[in-house]
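Asker: Take a look at the following structure, please.
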């Protein structure tokens, strides 16, 4: 027996390159002079692009590595279609989030974001601040504690730490969908979320630290609960490999049956937190508002996708025999999540400060509800079809949601209060940006011309109808109508005549424009050929 | 009429669908140098709208001419290519005797609307956006009549929403009634027809007020609220319909309408037929609209600009009844048979409700709005269509399809006329318009008044005009409903529907009395002018033609309906 394992390095490419890039950024941060810290962003973007490219040679193959020497069928890492698609979403999402962050990090920042209103009192004065020319808006709040950013405005993020944390988190999220044992899964999940706490709290002023603490405490509780569940499951099954658990847990000692079931439920609860499912969703709006906008976008797409992938792996991978147990639970969770998210999003007032972020936060909770529908459906049908719908929806959601965040980040450079009302008349001033945002919102709502969203919703509903989950399908359908109200309200705002005397939108900056254009192009491609995202057919997870 | 090869027909049908879509995108781009006219970019884009809709109409007429009238039951001009294999969605297009008249009607009405917009530029917003939205709307409506795939039908159904929402919200409401004018006396307020009566600054959306408001509906006045109501009702209906379509497609094993219709519900369990018809029926009933799901309609019609009202009444409502005939009737006959009596009951309730609402609106001192009145009369007319479908007989369904077309022609004409009336007098409020004495349009504007009376008579179902045959056939169907349906129940429906025709006649004659008659000697109003003749005469001529030669339409729909009903009769 060979003590040394054969490791399939190319299969490991995506997480490995992300990790190497993280280390490279950290080291470069030490040696680069402050004036050249701008290179760090480029380095991080290059690393993410490279990691994404390393997915290409893996397409179509089903490769596995870190297998047990005694039983080569049991592997801890598997790069199958499911894993590769989620890795694509994660790396693409991280890349877009990185593009959104570029203007906010390092000394390259010439247009610091307008001041962030920390309280209602600050918001009152914000209308005046917003009208001032960029750079003069925040002299008195110019923070000295922004470290490496070298004297940029308080809006800028410390470059080195930021890029390192982002790449670390992306590395964890890339590792997660390929993990095939519970230990690797939990480790990957923690690598994903631990840097995220720091990312949320990276701006030391404003509500960031408090949001980070809230995020941290709830998240750690969920992890602890999940670990407890995993230990129960281990007691029942005697293995951490998903396929072994799937095989052995139902045949476990009958005296352990209750323990096994409790373990299944507790493990699910742990993962449900990461997807921000009800009742673990309360941290989301506060955290998104407190976090820098690109980080909020990152969490809404990458964090959610990673949590969802973990949920799929434990449900269909480890507990397929317990479908009767987790199927109804997830169906109820999905229904509650989408209803809570959409109802709250509907109540977001247009004039409130941070309304945009709050709306996007609640809408992302609503979307998480739709994403849970196929997972619940997988309990009742062949999981392949349901997972295909899930991946298609996740791809559509990633592209359009980050597109919306890109436009929001663009406008937040002038309108620091991030109110929905700031979007009135955008079409008259920047038709391209307005049309792109309208397209993203209609995709999220699932209305033509956002065909990608429409067909992704059809696929999700179809999985529910196919699984015989009639009530869930009806709740989902009603929620689609409910969600339309706020998406269309925002869209309609764009095409209003611009209010007199409102400040002109900021000039586009290349990274943000590139991110918007990338998302718009991808969304348009998915709309013309929905087969691209809906044709994915991940087999049974092993 | 003259033979065209199947390939030509196929290309024509694709052109009919693709032209408005391409034109909609092109409307947003600046005009190329060769196409720039003297009137500036605004005229250019409105002319672009006329050109595109004209080309679509020409293609649709050519398609109708080349259609094999010997076999109207067969799907012709068929295209069937795969699109999204993961969802079994195929680009399956084709026309038969049921969809062809609706296709031509849509092309015609949209062309007339474009013409109307060219003569009377819509106030309230960028004309580029107006034309783009109108063309997108045309694409969606044409597509919903031409597609033969369930999910594509849903897509077409949804495509209509966004353009219609913006047409109502942006160009609706206060259009044509500037504040000073609306407050003044009606006779003094006669607008100069050469001057576009709309004031862009007075559009429903006051930016300063609405930008900061949480609910745009309240801030932007009635138009935005009505637009919201329209969208929310329709979307609620259409997502429920989507569930029904998915159930039908998944249980039936295919999403192809032709295959599902040919199967006549075989392979579908009774339960799934019931659920599918319930869900699909609910969605379509919102659109049709069926009482009591109609309450979005009067507001939307009242708020919409003329173009929006004409297209809403003339075309969009037909999508609901067309869907019932095309999808629910053949694909789930058992479900239809179970729900038909309920559909009939609701249809009759709609007929009576619409007529009674109109009667109360037309009373003196009720401050009834003419557009609102026509909207309620639509509820009644669509009630006849639904009653015809509910009989599940050859006669009834043919009558329903006929009434569909007739309603499109007549109500389209009525909305055009009321729009012109508002341009002339500044109001559509009956009391302000007619007062106690009557508006005396016969005397002040004889041709205009005559045409209005003609349209009202056509609408009440005068024999010899289009409105007559559809309602007669629908009631004839109710006299002898399909086997297995309760005869006494349908006899009751018949009696109530007959009462409805009486009430309809009563309110429409009242309208004629109050608007067209009156004391002589009032200030004359401008009479019909050339562009109005051009817009109104095709509709009036077709109304007469359909009334005198109903066989033209019935020969088209008859054989196709026989094929669809084969499952119900068995």
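Numbers here mean position along the shown chain, with the first residue as 1.
Glycine is treated like the rest: Cβ placed from N, Cα and C.
TrEMBL labels come from automatic prediction, so no person has curated them.
So TrEMBL has the following annotated:
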type	residues	note
TRANSMEM	B:46-67	transmembrane segment
TRANSMEM	B:100-119	transmembrane segment
TRANSMEM	B:131-157	transmembrane segment
COMPBIAS	B:179-201	compositional bias 'Low complexity'
REGION	B:179-217	region 'Disordered'
DOMAIN	B:224-480	domain 'NADH:quinone oxidoreductase/Mrp antiporter transmembrane'
TRANSMEM	B:230-250	transmembrane segment
TRANSMEM	B:270-288	transmembrane segment
TRANSMEM	B:309-329	transmembrane segment
TRANSMEM	B:341-362	transmembrane segment
TRANSMEM	B:374-393	transmembrane segment
TRANSMEM	B:399-418	transmembrane segment
TRANSMEM	B:448-469	transmembrane segment
TRANSMEM	B:489-512	transmembrane segment
TRANSMEM	B:533-554	transmembrane segment
Asker: So which residues does the transmembrane segment (B:46-67) touch in its own chain, when a touch means Cβ under 8 Å and the partner is 6 or more beyond its ends?
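Answerer: For the transmembrane segment (B:46-67), the sequence-distant neighbours (Cβ-Cβ under 8 Å, at least 6 residues beyond its ends) are 1-4, 8-9, 12-13, 15-16, 19-20, 23, 26-27, 31, 35, 37, 76-77, 95, 100, 103-104, 106-108, 110-111, 113-115, 117-118, 121, 127, 130-131, 134-135, 138, 142.
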Asker: List, by number or range, the same-chain residues at least 6 past the transmembrane segment (B:100-119) whose CB is under 8 A from its CB atoms?
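Answerer: 16, 20, 43, 46-47, 49-50, 52-54, 56-57, 59-61, 63-64, 67, 72, 127, 130-131, 134, 137-138, 141-142, 145-146, 306-307, 310-311, 314-315, 318, 322, 401, 404-405, 408-409, 412, 416, 419, 531-532, 534-535, 538-539, 542, 553, 556-557.
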Asker: Before we move on, state whether the transmembrane segment (B:489-512) and the transmembrane segment (B:374-393) share at least 3 Cβ pairs under 8 Å, counting only pairs 6 or more apart in sequence.
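Answerer: These two segments touch.
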Asker: Quick check for me: are there 3+ Cβ pairs below 8 Å between the transmembrane segment (B:341-362) and the transmembrane segment (B:374-393), leaving out pairs under 6 residues apart?
Answerer: yes
Asker: Can you work out whether the transmembrane segment (B:309-329) touches the transmembrane segment (B:448-469), with the criterion being 3+ CB pairs under 8 Å where the paired residues are 6 or more apart along the chain?
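Answerer: Between the transmembrane segment (B:448-469) and the transmembrane segment (B:309-329), which are separate recorded stretches, there is no contact, as judged by 3 or more close Cβ pairs.
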Asker: Who are the long-range neighbours of the transmembrane segment (B:230-250) in its own chain, taking Cβ under 8 Å and residues 6 or more past its ends?
Answerer: 88, 150-151, 153-154, 157-158, 161, 164-165, 168, 260, 268, 272, 275-287, 293, 295-296, 299-300, 323, 327, 331-332
Asker: So what's near the transmembrane segment (B:374-393) in sequence-distant terms, Cβ-Cβ under 8 Å and 6+ beyond its ends?
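Answerer: Answer is 285, 288-291, 294, 297-298, 300-302, 309, 313, 317, 320-321, 324-325, 329, 336-337, 340-341, 343-344, 346-355, 357-358, 361, 399-401, 403-404, 407, 411, 414-415, 418, 459, 467, 470-471, 473-475, 477-478, 480-482, 485, 490, 493, 497, 500, 504, 507-508, 565, 568.
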